[in-house]
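First up is the structure itself, then whatever we jot down about it.
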Amino acid sequence: MATNASASENVSWLLKETWSGGPTTRAFLDYNRSAFLSVFGLPVCAVCVVTSALSICLFCCDSTTPRTTRKILIVTSLVDVQFLFFSMFYLQPFIFCREGCAWRQFYKSLAYFLPIFALVDILESLRNYLVVLIAVEIFLVVCLPVRNKVGWSGKMTNYLIAASFGFYVFVRLPLISHLSIEDAGPEWSRVVPGLYQTDHADPADYSPCLQIGRSLKRPDHFRQEQQIGRVRRARERERESESE
């Protein structure tokens, strides 16, 4: 109930006018996002791809940095290149496909959007985890140099990188599944609230299977809540129109 109430509040806030007689908050945010991406999006991504590629060459030739640190830095630069490359495919529809573009429906389709969104989201967060690994290794090198030489090997680095990738893919699966099922049709709409609640839950009470199972067992409950929310919003609009 709390999740549905917060979602209704967010929707009503997006439908409000930014200023008197102006566009809605959603339209204002979409306009600013398109303007920002058109000016900075693709040029910044292109420059960063080149600099990340140069960083890979630099780290491969470097012999002074510890081998394990150099390996994490190379993987981080590779993730940066892929993240920025796929980001350009994500930004392209906002810049080049205006109204009436023949490719607009393709760019808006789930078959195009979902893989790009999933890769960009996973790669971006994987990079953050790799930066944390670098910080941990630097701490061990400075504070515990003897234990670092014994425990932190190249094989351990490979395991930690793979574990970071697998952990974040597992954590983001509810959101990716939410987007897939939401677009699958009305017969799957009863699963969406459970996935939405799972994705926004605290890590301490993560229970994806339990949340999805509950939503599958109680489809009528969610339909009734949605219907009540629609009726409530309609009454609020009627009251606002009467007061005006």
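Yeah, the Cβs are placed from backbone N, Cα and C, and that goes for glycine too.
Database features, via TrEMBL:
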type	residues	note
TRANSMEM	35-60	transmembrane segment
TRANSMEM	72-91	transmembrane segment
TRANSMEM	130-147	transmembrane segment
TRANSMEM	159-181	transmembrane segment
REGION	225-244	region 'Disordered'
COMPBIAS	235-244	compositional bias 'Basic and acidic residues'
Could you pull out which residues elsewhere in the chain have a CB under 8 Å from any CB of the transmembrane segment (35-60), counting only those six or more residues past its ends? 70, 73-74, 77-78, 80-81, 84-85, 87-88, 91-92, 94-95
Short question: which residues 6 or more past the ends of the transmembrane segment (72-91) have a Cβ under 8 Å from it? 37, 41-42, 45-46, 48-49, 52-53, 55-56, 59-60, 65, 116-117, 119-120, 123-124, 126-127, 130-131, 133-134, 137, 157, 161
Residue numbers, six or more beyond the limits of the transmembrane segment (130-147), whose CB comes under 8 Å of its CB atoms: 66, 68-69, 72-73, 75-76, 79, 157, 160-161, 164
